[in-house]
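Only one structure is covered here, and it is reproduced in the block below.
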Amino acid sequence: MNPNQKIITIGSASLGLVFLNVILHVVSITVTVLVLSNNVTGPNCNGTIIREYNGTVRIERITQWYNTNIIEYIERPSNEYYMSNTEPLCEAQGFAPFSKDNGIRIGSKGHVFVIREPFVSCSPLECRTFFLTQGSLLNDKHSNGTVKDRSPYRTLMSVEVGQSPNVYQARFEAVAWSATACHDGKKWMTVGVTGPDAQAVAVVHYGGVPVDVINSWAGNILRTQESSCTCIKGDCYWVMTDGPANRQAQYKIFKAKDGRIIGQTDVNFNGGHIEECSCYPNEGKVECVCRDNWTGTNRPVLVISPDLSYTVGYLCAGIPTDTPRGEDSQFTGSCTKPLGNQGYGIKGFGFRQGNDVWAGRTISRTSRSGFEIIKIRNGWTQNSKDQIRKQVIVDNLNWSGYSGSFTLPVELTKKGCLVPCFWVEMIRGKPEEITIWTSSSSIVMCGVDHKVASWSWHDGAILPFDIDKM
């Protein structure tokens, strides 16, 4: 062959191969369509698939038409039932770590809020950490002066338990410098107190929407629990204080359903002082262990019935659990009156276990450092000094702070009793350390059927931050 014939032959062969390739593709597509259209055992391409995601608030409905997806979003209905919360507390032999947020350590380089007063509360699906922000971030100029309790910048926000109070995962709840929150089984209810000291207002949110308000009745810093409120069979209960922090004030119990106040009662407690109650459900009642900021180093106890009748007194145990306090050996205990003659105080908690009590307290008698929980035999009903168990949570070389109670509902645990849990705030910065800010992180513990070793789950942040050196 001459060169021209070779070129023509090669070109013809190439065109033939291309034509054959096209025919093979057409045959392949035709066979595929015929097989899929006649495959009665295959998936229904014309059907509807429902996928429900617990982590969202919607149902995803996907209608499939061959390779075309039409996606519709329909609102997920709210939970059908209220939580009962009438079960007894589980007996706890010790307390195991549930979560630790390490917010201040992370906040040295991360976008973490300056906070105080963190607390935990649970729904049938999850537990959340609530906290009062200062409208500023750690290691930022706006953190200056955040030792102040009340300002127009403070808000109640929340994250899933264990997460740091960071900008990216936090959910806004209410404008507040004092707050409480709880879940009735259907929706979250929050109570946020804000406004001027003499005319503060508490706004009740239900499902994220403002539903009701409580105006200051005594004109002296209306305030509430700084820990979880308590819902029983759809009714939610919490305690509020209005009046002086260092002498007789006024106290009220509130009851709400779906965020609307349906009842309230005054607590008659002449000579006693109630603030910042830590409450939990137990056998159909609400049991609260509170703070006496006037004179007592023993803690007030308030037990609330569904009809808003109540009993009020003091934790009977012969061991004091407030701070500051005197020596254990010099304390006698009383079920009815304040003892100790020590002003000031700190938010704390206790759990009734039959006639016994688990009670938390700082290890230091004079400052907010260290934390331990002790079990006192017959301490709920008698002036007992019989300390039968102790577990250290934060050693006395490290700062602690407020502490409070909550329970794990049976819907979460599948138990026949409510698991007692508590959190400990670990305050860092002013007034004890050389910084321009005050903030905190927290450790959360829950009751278990076994003894748990003492350790120190302290905050661990290295101070000062860069902003403190400027």
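Every residue, even glycine, has its Cβ placed from backbone N, Cα and C.
Across the topological domain 'Intravirion' (1-14), mean pLDDT in this model comes to 60. According to Swiss-Prot, the feature topological domain 'Intravirion' maps to 1-14, an assignment based on sequence analysis.
The region 'Involved in apical transport and lipid raft association' annotation in Swiss-Prot covers 11-32.
What Swiss-Prot lists as topological domain 'Virion surface' is 36-470, and the listing cites sequence analysis.
Per Swiss-Prot, N-linked glycosylation site is recorded for N39 (among others).
Taken from Swiss-Prot, the feature N-linked glycosylation site applies to N46 (among others).
Residues or ranges marked as N-linked glycosylation site in Swiss-Prot (evidence: sequence analysis): N54 (among others).
Among the features that Swiss-Prot reports, disulfide bond is placed at C90-C417 (among others). In three-state terms derived from DSSP, C417 (disulfide bond) belongs to neither a helical nor a strand segment and is classed as coil.
The disulfide bond feature in Swiss-Prot is assigned to C122-C127 (among others). The DSSP secondary structure for C122 (disulfide bond) is strand. All protein chains shown were included, and the count of other CB atoms within 10 Å of the CB of C122 (disulfide bond) stands at 22.
Cβ neighbours within 10 Å of N144 (N-linked glycosylation site), excluding its own Cβ and spanning all shown chains: 14. Look at Swiss-Prot and you will find N144 (among others) tagged as N-linked glycosylation site, backed by sequence analysis.
Taken residue by residue with DSSP, D149 (active site, proton donor/acceptor) is part of neither helix nor strand, so it is coil. Sequence-distant contacts of D149 (active site, proton donor/acceptor), defined by Cβ-Cβ distance under 8 angstroms and a gap of at least six in the same chain, are R116, W177. The active site, proton donor/acceptor annotation in Swiss-Prot covers D149 and rests on sequence analysis.
Cβ environment of C182 (disulfide bond): S121, W188, M189, S228, C229, T230, C231, C236, W238 lie under 8 Å away, each six or more residues apart in the same chain. Following the DSSP three-state reduction, the secondary structure of C182 (disulfide bond) is strand. Among the features that Swiss-Prot reports, disulfide bond is placed at C182-C229 (among others), with the record citing sequence analysis.
Under DSSP, C236 (disulfide bond) is assigned to a strand (E or B) in the three-state scheme. Feature annotation from Swiss-Prot assigns disulfide bond to C231-C236 (among others); the stated evidence is sequence analysis.
Sequence-distant neighbours of C277 (disulfide bond) (same chain, 6+ apart, CB under 8 A from its CB) are Q225, S227, V239, C288, V289, C290, R291, P300, L302. Annotation source Swiss-Prot lists disulfide bond at C277-C290 (among others).
Under the DSSP three-state reduction, C288 (disulfide bond) is assigned to strand. Summarising the annotation, Swiss-Prot assigns disulfide bond to C279-C288 (among others) and lists sequence analysis as the type of evidence.
According to Swiss-Prot, the N-linked glycosylation site annotation covers N293 (among others), on the basis of sequence analysis. For N293 (N-linked glycosylation site), the same-chain residues that are 6 or more apart in sequence and have a Cβ closer than 8 Å to its Cβ are A245, N246, H273, E275, G343, Y344, G345.
For C316 (disulfide bond), the same-chain residues that are 6 or more apart in sequence and have a Cβ closer than 8 Å to its Cβ are G333, S334, C335, G379, W380, T381, Q382, N383, S384. Under the heading disulfide bond, Swiss-Prot lists C316-C335 (among others).
Summarising the environment of Y402 (active site, nucleophile), the number of other Cβ atoms within 10 Å of its Cβ, over all protein chains shown, is 25.
Contacts of C90 (disulfide bond) defined by a Cβ separation under 8 A and a same-chain sequence distance of 6+ are given as K415, C417, L418, V419, P420, G447, in order along the sequence. Counted over every protein chain shown, other Cβ atoms within 10 Å are most numerous around C288 among the disulfide-bonded residues C288, C446. According to DSSP, N293 (N-linked glycosylation site) is assigned to coil rather than to any helix or strand. Reported as a whole number, the C-alpha separation between C279 (disulfide bond) and C421 (disulfide bond) equals 11 Å. On its own chain, C421 (disulfide bond) has F95, F98, V120, S405, F406, T407, L408, V444, M445, C446, G447 as residues at least 6 apart in sequence with a Cβ closer than 8 Å to its own Cβ. Cα-Cα distance from N398 (N-linked glycosylation site) to N144 (N-linked glycosylation site): 23 Å (rounded to the nearest whole number).
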